[in-house]
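Engineer: One structure, as structure tokens, below. Some questions next.
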Amino acid sequence: MATAARIAQRHPAMTLGKYAALAFYLGFALFPLYWLAKIAVTPDTLIYSEGTRMVPSAITFENFATVLFETDFLAYFGNSLTVSLGTALFTTLIAAGAGYAFSRFVFAGKRIIIAVMLITQMFPLLMIIAPIYKIVAGLGLLNSLTSLIVVYTAFNIPFATFLMQSFFDGIPKDLEEAAMMDGCTRFQALRTVVFPLTLPGLGATLGFVFTAAWSELLFALMLISKNDAMTFPVGLLTFVSKFSVDWGQMMAAGVLALVPSCLFFIFIQRYLVQGLTSGAVKG
Amino acid sequence: MAGEAVIARAQKNVVPGGTGARRSLYWQYMVEPFLYLSPMILLICSVMLIPLIVGISYSFQSIELLNPFATGWVGFDNYQKLWTDRKFWIAMENTFFWTFWSICFQFFLGLGLAMLLNTQFFGKKLFQALVFLPWAVPTFLSALTWAWLFNPVIGPIPHWLAALGLLSEPYNILGDPDLAIWGPITANIWFGVPFFAITLLAALQSIPGELYEAAEIDGASPWQSFTKITLPFLAPMIAITVMLRTIWIANFADLIFVMTGGGPANSTQILSTYIFTTAFRKLDFGYASTVAVALLIILLAYAVILLWIRKRLVKI
């Protein structure tokens, strides 16, 4: 804000303090990730002797090669990709419909439905962990990626719906009403007029849900026990306990686990902040 | 007003004739929205609400997978067990400690970051993307990363603390019952600051700039304009974010589960990790559900109190 900037300019000490604060935040945010990457590329023989050295004296990509080609890493990666993409697609589709209904209609029971959705955000998910396990086991669906997708989709729908609603709220109603006056059905108006304008919102929701599904651990830990159905978090966790001495490989696996969610994050960051901001200001 | 809009819209589609109008209104009010909503309602009911009710009913039953013949309704037995379960009370205390300190640091650091991002400086967009990055890191990986940073063999933190004289020697903090909880708390702060920053930044940007200019003309110090303009404007937002995040953090088991598994000697056991280990280590679903109901009641009470305070204090 202009005023705050002007105040800062008048006080040299404040300018200095501001840049110190910026540096502090940057260091705090990035240092752990730097350390992860640093150990991943340090040759095995140096990891112990250079434990606290900031920059390794030599660099190797051997750990990455080992993790990629000699472990089950790629299988976990594929499972997580399936689960996360499936969850993201289903959630976004369903949340887009629900968000549209919240944004455009006044209907019977609207307040009740919103209240129930808020409550689902408040009760401990661990509360339903035992019943879900028994239901999934009863259906014979333990170790299936489908059951994970269904459970994750349900978890992510309330927040995704609020996010989509705030995006729909930002699109003027007149647009589709005009199209409907011209003889479109609501669905046609939705497809041809509203949909293209919602693309950033859909992208943000997709990305948000994808990252959430990518990192979910406890339900995956509970529903999946077979090695070839493990998602990334579960796989990596067992991987860590199996190879608990091989720091380099573990860090390399960690760096690789970061790649998809960070790519998604950089891609959607702008829209996500925009969506949260517009939703948040109203809330 | 919204009702009028519905009627107006309904009338637009009216085919001449009274019944047509009524059907159209009925269609728009009772049927059409639910065409869009039904998949969501179906999923939330079947995956969350029904299991929630089943879960509450479990707390009145004995369901131990290791002891399948002892199942059945036991009334309030599980709840009586809570009173005498020392681990439950330790976990309760740890839940408060963990949630309070995580929220405190996340909030103050998040507020600081939001205020920084609300000013102009060179490279702001890149800075924002980078400081928000921890939020994109999968939680299990945040947990592992911080566990590694706290490890005296490959991590620098114990060495730094020893160099500062805070530790007698660089040992593993996560193995020390007195200090272990600070490991997951640090990881949680790192992970959660961006979220607070985003929501508070949104609220900051909604404050009209003229207010600051007027205050400046009147000779207000930066501190005065912060306490007299910024804070009151942020209060509603602060109340709601702090409430939601508190509930979320109290429920959040992943970091502790991965970093310490509740140990050493239950010193980092919070209620949600206790629920998980009771359910999946001991396979005692009945008692796990009882602990979960207790957590649910605490959180509901907290939410009600906070909403009441918000109503009393905030007049916006």
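Including glycine, each Cβ sits where the backbone N, Cα and C put it.
Copying in the features that TrEMBL gives for the protein in this structure:
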DOMAIN    B:92-308  domain 'ABC transmembrane type-1'
TRANSMEM  B:34-60  transmembrane segment
TRANSMEM  B:96-117  transmembrane segment
TRANSMEM  B:129-150  transmembrane segment
TRANSMEM  B:179-204  transmembrane segment
TRANSMEM  B:231-250  transmembrane segment
TRANSMEM  B:285-309  transmembrane segment
Engineer: Answer with yes or no whether the transmembrane segment (B:96-117) touches the transmembrane segment (B:179-204) by the criterion of at least three Cβ pairs under 8 A, sequence separation 6 or more.
Structural biologist: yes
Engineer: Given a Cβ distance threshold of under 8 angstroms, which distant residues of the chain, six or more beyond its ends, lie next to the transmembrane segment (B:129-150)?
Structural biologist: 113, 156-158, 172-174, 183-184, 186-187, 190-195, 197-198, 254-255, 257-259
Engineer: Given a Cβ distance threshold of under 8 angstroms, which distant residues of the chain, six or more beyond its ends, lie next to the transmembrane segment (B:96-117)?
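Structural biologist: For the transmembrane segment (B:96-117), the list is 124, 127-128, 131, 181, 184-185, 188-189, 192-198, 200-201, 204, 230, 238, 242, 245-246, 249-250, 256, 268, 270.
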